[in-house]
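Quick notes on the structure that follows.
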């Protein structure tokens, strides 16, 4: 009788344990063990437990191929999260079988050993059949559809504030009523409240705010933005002018044309308003990046004047508020939701449908896709649904949101998701104090180097990439199904080289970690002081620069109920999650072989160097940029 030592690790999160029956069968090249009920004296499969058992076989099983787990109900259904199983054969080395999944209902699961294998690495018919069966089962579960759940989330402290709030924005602006509240949660939000009216702070947010990839170099003024040199001369440094600075590459543009004509929301029976501004900025040698001209529409004319810093202060302030309002729409709907959440969802679904758990690319991507489908489902039901948060407080909520997203779909490109190309195409590679650019490029290099190492480990040549039928099915589903409605995306439906594969994988990891953090993590900092980035506007854009009054500003901004809800949602979305896993931390050990583990350790060491650099750089800064600290970047999109 052969005796195998089996250990079973239960998950560490809440409710991971079970009191149901768990059976195991060991499957080897020469046969199967007895189907064994795993039952030690006392409690088995408690949360965080690693339980050891003996499993017998009447004959040697040979090389172990699979571990078969079965869960059966005992009295009541009790789901179970299994982390891994290890098997130590008589006189042999321990073999790890990663699981990292929930077992729900009466279910049977066959686990492969942890060594990553492409299909060409499997010669046995039994293992090839296991790959096919696993994918067939997953393809029945995961489809490209909009199924939603009805989970609710609570923002209790903010709801109490909203329900009891009768104060007006006039008193808030004049009396700093929220200063203690803001200071209690985030330093950045208090700093924003103190400096939001200042032009340098407006320019800073174009570089390092929640939408840091909107700004582009302006080589020639758009025909629909008739700014003259005389208009902005007072904003120029001594001895220069607009035409000269356009040639020097120090003039930049924000163009929100994508908002032009988007239908607006109606909230509590009252119409809301949006604008499609154009904003010109100048990199002043002494003052930094400064706004120098704003037009609140795409069609110039008497009703769309060009606002300037030398205009009456309230007129210039109101023009900047309108630009920041446009910024809220673009960063929440396009930069955040569409360009991170929904793009990564395409790769998530294809990975689950086309790559078995033993595949090296599945193992590489799985930690960076954790919870993404779940949070996107919640987002569909709670944020962007017909009765969701956006419909209640955002000026593009409802039909406008869908039209805005459809417009972005038409212009979104694969190239723009690659940071070096993005910065070069926007002409912003030389802009100073662009911390988002500097940090994201360091992180891109680290990610690209890491995934390139993994690709080289499992694909010895470009021919190996081309011959991996599962990998080719994966990219084909992404390009032909997941991204089929994006006419300009430009991703081929096959991958031909190791370099192409490495770049694509780096895009997925970068987008699900760094890019998401850049747009998500600072939301509360920039949006908690609502006048800085209002979610909606209740009056139309001003048409007369000399008619701006404080009453007009107050009437335009969100009411306090809307403002409280904006604060609530940006706090909830931007806060650190209690079970967050930082970038490069792989708590689920899908890779078990030493070379892959060494690459992971090297990646983490590089991230530690980047962390030290960013912290050192920020020691001298009054307004610190820490959103892309690796320790503050989640390993996947979970919120």
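If you go along the chain as it appears here, the first residue is 1 and each next one adds 1.
Cβ from N, Cα, C; glycine included.
In TrEMBL this protein carries:
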{"type": "BINDING", "residues": "17, 78", "note": "Ca(2+) 1 binding site"}
{"type": "BINDING", "residues": "39, 40", "note": "Ca(2+) 2 binding site"}
{"type": "BINDING", "residues": "336, 341, 516, 639", "note": "Fe cation binding site"}
{"type": "DOMAIN", "residues": "2-117", "note": "domain 'PLAT'"}
{"type": "DOMAIN", "residues": "195-639", "note": "domain 'Lipoxygenase'"}
{"type": "SITE", "residues": "102", "note": "site 'Essential for stabilizing binding to COTL1'"}
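Of the listed binding-site residues 39, 78, the Cβ environment within 10 Å is emptiest of other Cβ atoms at 39. Fewest other C-beta atoms within 10 angstroms, among the binding-site residues 40, 639, are seen around 40. All chains included, 25 other C-beta atoms sit within 10 angstroms of the C-beta of residue 516 (Fe cation binding site). All protein chains shown were included, and the count of other CB atoms within 10 Å of the CB of residue 102 (site 'Essential for stabilizing binding to COTL1') stands at 14.
Remark: residue 17 (Ca(2+) 1 binding site) has 10, 11, 45, 46, 47, 49, 80 as non-local neighbours, by Cβ distance under 8 Å and separation of at least 6 in sequence. Take the Cα of residue 78 (Ca(2+) 1 binding site) and measure to each of the binding-site residues 39, 40, 341, 639: the nearest one is 39. Each residue in 337, 340, 375, 519, 520, 573, 637 lies on the same chain as 336, 341, 516, 639 and has a C-beta within 8 Å of the C-beta centroid of that Fe cation site, without being one of the site residues. When the recorded positions 39, 40, 102 are compared by Cα distance to residue 341 (Fe cation binding site), the shortest distance belongs to 102.
For the domain 'PLAT' (2-117), DSSP puts the residue distribution at 0 helix, 64 strand, 52 coil. Listed in sequence order, the residues of the same chain lying 6 or more apart from residue 336 (Fe cation binding site) and placing their CB within less than 8 Å of its CB are 210, 516, 519, 520.
A mean pLDDT of 96 is what the model gives for the domain 'PLAT' (2-117). Among the recorded positions listed here, namely 39, 40, 102, 102 has its C-alpha nearest to that of residue 639 (Fe cation binding site). Its Cβ taken as reference, residue 341 (Fe cation binding site) is surrounded by 21 other Cβ atoms within 10 Å in the chains shown. Separating the Cα atoms of residue 39 (Ca(2+) 2 binding site) and residue 102 (site 'Essential for stabilizing binding to COTL1') is a whole-number distance of 20 Å.
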